[in-house]
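Colleague: Take this structure, written in structure tokens, and hold onto it; I'll ask about it next.
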């Protein structure tokens, strides 16, 4: 599943479920359908030995565990690093107990006991889904329901009297649960539901014992097809004005139990034999494996439906959550070969938009399994892969094994309507989900506390896999700004969780693990390990990881660490070096101090925290084993690295304790964390900061680009917490006039955005300063994107992204020239929108809509709303929605927020975007928060946590803090475990840090800017913008950097003098 932060969103839409009506039975099923199930059961025996030979080791492991000691796990691997992760004792009742009391089946835990291993499922499921809004199943009473039978084969690992598995909102009659003994006698005495934990507890009349032959449990059940984007759910789209239905699924992390009773934890791998029955007008019905057979009923039923039963090929042994279904009339186009069928599925009118995802996805799949990469072909496990674009989907995408499901915006790409950013996002998300076929499906974490084994790797693999498929995009340049920078922010507060989090039991805790820590920090730590091991060793270890563990399928962190350590042949113990990076939260700030000997440094570390208000001594004194790669420039101008031939095998390349001393010889400057490969920040002495800044200004290319980016990021961040004066990063930004790489610019602009927001968005001196940086780069040619982007021909993504950033920020900070151009293009769009030949520039449509609307009125808002409702491309719709949120009119923003509650206008999956977009401007953000408070009960539960962090996390006054705290207390506070609890804590920590910044450090940035005499030098924003426009042609003919420095040379001298004054009294 893609990340919940960064550019990929995971939002839920919840509902109030009806109570289960226990004991209701819908009657017997047709005999021929039972025959289908029996035949499918027989097929399991054959397919396990023929099709799944490569998983023989896993099945053999199950047999061995049948005689293992009580409480043993399938793999016998080391548990997570805390006593709280140990499984509860595995025996539910004492062997031989025959009590009938309810207390006999008490099981107070969310996790299953661990005394059973699953082998296979045979499932028949009837989908009572009306074809469209004018259709019904019979008299309509069965609309959006299911009927089913499941037979589960399982092995018991010790004598037991109670079988415990999962069931959620399923109706099961008293005589519909069967476990037969050798005499064909039903051993089921009674069963109970635990509604809170979703457990079905089956009490038997006699013990089950470990045996050579699996036991069988058969359950007949009824369920519901809800509209909440969870489990098996219904969605719809419009065909010629009529709503047409489809049913699809989302089972991660614990939603398969809503479809049929099962052992719904990732550890319980099994094969699945699936038969679906449905209205045969739904000719676009798919499962994760190929169709095996289909049979239509001889006659139509009373409502005119001819029912079709499709039996699918058995699956490999797999985790339950990776199943998926689709019942629809969708279209499919594929690239098929004897080796692999690779298809794209969507609404029929959007099937052409699947082409890019299908082509690039097939390329990525073959690359991932190739000998030079992971050396484990996908086709060893499944012969087909389909990618489905769903109109409604909770997560960004889901990696179901053979049927990946995406939000439409993350799979569909339409040239001319979709932007380069849209295409990049489709490529990255496809890479993420396909990487999951290996990291998540072939090898699956045993429990959600270890989900970084799945999600961290999938986030990491987005970059090398996409780089293979689209090398011109240069995505490797963006890792530190899209992953590391986001991870730093998420992990800079006391409420962050460790990657390997032992305290995960409840569903709320499981949901909280799908976080920016798991995705972005996980990816960043893997990148750090790759740097330590070397790329060749890193991928060789991954290949060994798969070959060693694919037989058992379920893995734990020690399995991965062992593969890494073994590959290094004793030179580096990865387990020892990186243990704390996984088992503790936070990351270090490495600081360098000098004494009288300027060739020597004392290097120290402590946890980095955003804001002293959030720091506690216990957490601050934590240490890590830090891979410490530094580089010096000696007096002759040579670069000298501390990494010799031994690399990180040398103890001298580590900061292994709180402090160490290094002697670097005579040097001009020292640069640590070269290439920004380590997940830590760095602070230097005052003199060294000055020397690094001077190097950037004279010849920045001496320092590698990713290190330049970190210098900008660290200097602004350290100034943000008072570790240095803002005159340091302000001076550093002056080199940007000669910087032609995007990441340093992106990082600087991100920090200016934070400062601008904290200052209320109306500090003119700041705006003028940022515009002065941008002016040498902004010109009218940036509105013409053809120079850098032509689909499938010239796709210089990073260059285009930088140009768009110059346009966006020039408009945002008030450049009159930029705003005039945006308004002009918006007016042109309004005038020509009915012309079928007219196309708005897809790459700059966000800026045209936003700043056109910013200067617009109610008529413009109505126009954009009409465009939104008429648009069929999801990404294009969201761009319009984003533009509408830029209005300056509070009444129009009120109308905009009201749209979030109108499901016929804004799909529930997009509700969170409303609040994210409206938070761009402070006044609109506050209005959004007030709306959120009033409509708390109208907003589905699964959306609220993102809204709380995105909106409330931007506040910066004590009054606002108290307001958020009051709502937190009202909803339960610290005393209860409600789903938004962690989000409130994150938001409150952020607000506390923001208040501290405004109170203590805001004057520093204003003083640094005032030291430039900036206002008198540039005049007002409008005059400055006009002057910029008049000199664009001349500047384009010369070096923009020269022009920038000539424009501010005297101010730079004053700034450097100010900088020296501040640094001379700062203890670095």
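Glycine too: its Cβ is placed from the backbone N, Cα and C atoms.
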Colleague: Labelled region 'Disordered' by TrEMBL, one stretch among 27-65, 66-104. Can you tell me which?
Modeller: 66-104
Colleague: TrEMBL has 432, 436 down as binding Zn(2+); which of 408, 455, 483 does it also list for that site?
Modeller: 455
Colleague: Would you count the other CB atoms within 10 A of the CB of residue 519 (site 'Transition state stabilizer'), including those on all shown protein chains?
Modeller: 31
Colleague: Over the domain 'Aminopeptidase N-like N-terminal' (119-321), what is the model's average pLDDT?
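Modeller: Mean model confidence (pLDDT) across the domain 'Aminopeptidase N-like N-terminal' (119-321) is 96.
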